[in-house]
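Structure first, then comments.
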Amino acid sequence: MAELTISANDIQSAIEEYVGSFTSDTSREEVGTVVDAGDGIAHVEGLPSVMTQELLEFPGGVLGVALNLDEHSVGAVILGNSENIEEGQQVKRTGEVLSVPVGDAFLGRVINPLGQPIDGRGDIKAETRRALELQAPSVVQRQSVKEPLQTGIKAIDAMTPIGRGQRQLIIGDRKTGKTAVCVDTILNQRQNWETGDPKKQVRCVYVAVGQKGTTIASVRRALEEGGAMDYTTIVAAPASDSAGFKWLAPYTGSAVAQHWMYDGKHVLIVFDDLTKQAEAYRAISLLLRRPPGREAYPGDVFYLHSRLLERCAKLSDELGGGSLTGLPIIETKANDISAYIPTNVISITDGQCFLETDLFNQGVRPAINVGVSVSRVGGAAQIKAIKEVAGSLRLDLSQYRELEAFAAFASDLDATSKAQLDRGARLVELLKQPQYQPMPVEEQVISIFLGTGGHLDSVPVEDVRRFETELLDHIRASEENLLSTIRDTQKLTEETEEALTKVINHFKKGFASSTGESVVPDEHVEAMDEEDLGKESVKVKKPAPQKKK
């Protein structure tokens, strides 16, 4: 039988190998205990080194955010289902602040405020992650707004223009078409996207906060049918989500958009709507026992929106020249724009489009109130062609509204007032636009030129929209060079204006009104003097005097 021999060296090497490969499963981590939980809020004892807005891990993989850092406990907002969180459960620190995955893979997808896909189309491979709470670009990192962002809506592009990097508030009562205005703006970016030019392309982010699930689905369907989901990301926090998700959703959308902005690209973000975010934040703050202020909102509700909207900017050329344009939506009650949240957001943004219930019910859609709507910086970004034709549009409409109220009581109006009323009625009709049908800027120029140039004065009010539609169809079919000239030069030169007037006058000859009458204006005839009215004039032909013989 062979003798088994083990040397001391073998034993030593085996022990060294075992010790070298040994790993300890123990780790040092802070663990807290749930003291109480309910209504999407949990109070946790322990965790002395936790950071503000740090992610906490609850049992079952549920995440929370540390908001209140008290002396002996932490107030956390639970992100997700909080029904299974009970007193006495352990809570772990993650050591990470809130962040979301970002990148081009998110285009065409629907995600929740944690960046997780919820459209059933599989996982998303992100390029990198971005923190939700980031400092907005400083004054030095910005430049003035100078490039237009066309909405495709005549009333906005002509009178309250929006530039890339601007924040334009869309404000109004419920059911006045606020979402439709923003969806139209997203749809209007398709033409730029199809050019493939990075300087023209605009990526879009639609943030739905507290909306019904059916509303979000209908918006997504409208974007898909319009071919806009190719360049759009939807961040959804529907009404069924917890208050924590509704509070975070706008910051998630901003993080996704800022990634592209700092990459030198142009982005449009829609917050629909910030009123519901403020209400969710109010609920969180009251449950965390923070002292309430005006309308029971916490003292930092202004900062909630200002730090969000200040991220919209036009970056300097040194940082790539990217831009982030914001369209926040605020819902008012009974057209009261002097309430707390509306006045806050009006003071933060660079202008507002005020949508009015009365105008909407009268059939004026989009129901934009010209008198209250304003754009503080977009005028510098407006193209020259629009600026030339729309120069008098706001004044004409304002005078029309004043005269309209006066004419309701006055029976006898002078000729000038009647002419202003007639022109104003046609302009109002001209600015009406169907939903989900944005108009290219060159066609807007022609449309507004019709109204401000007086070419519609002889067209009956009920035929104005049909005249506009048929004229644009005619120009697309046989005068395409006119559209391309305006599109390329972005100006309305004298030659183009003459050619356009010639086309309009020629088209009028073949256009019949709904009553069958011609819309060609009668030739101008000089009026008789007042003293000559009612007098008969008789021409007597006198024979020529005969010469004396």
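Heads up, the Cβ atoms here are built off N, Cα and C, so glycines get one too.
Here is what Swiss-Prot records for this protein:
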{"type": "BINDING", "residues": "GLY172, ASP173, ARG174, LYS175, THR176, GLY177, LYS178, THR179", "note": "ATP binding site"}
{"type": "COMPBIAS", "residues": "540-549", "note": "compositional bias 'Basic residues'"}
{"type": "REGION", "residues": "513-549", "note": "region 'Disordered'"}
{"type": "SITE", "residues": "SER373", "note": "site 'Required for activity'"}
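What Swiss-Prot annotates, mapped onto the structure for a quick look.
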residue	record	Cβ neighbours (10 Å)
GLY172	ATP binding site	28
ASP173	ATP binding site	18
ARG174	ATP binding site	11
LYS175	ATP binding site	12
THR176	ATP binding site	26
GLY177	ATP binding site	19
LYS178	ATP binding site	25
THR179	ATP binding site	22
SER373	site 'Required for activity'	22
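Taking the mean position of the Cβ atoms of GLY172, ASP173, ARG174, LYS175, THR176, GLY177, LYS178, THR179 as the ATP site, the remaining same-chain residues with a Cβ inside 8 Å of that point are GLU331, LEU355, THR357, PHE360.
Comparing SER373 (site 'Required for activity') with GLY172 (ATP binding site), their Cα atoms are 11 Å apart once rounded.
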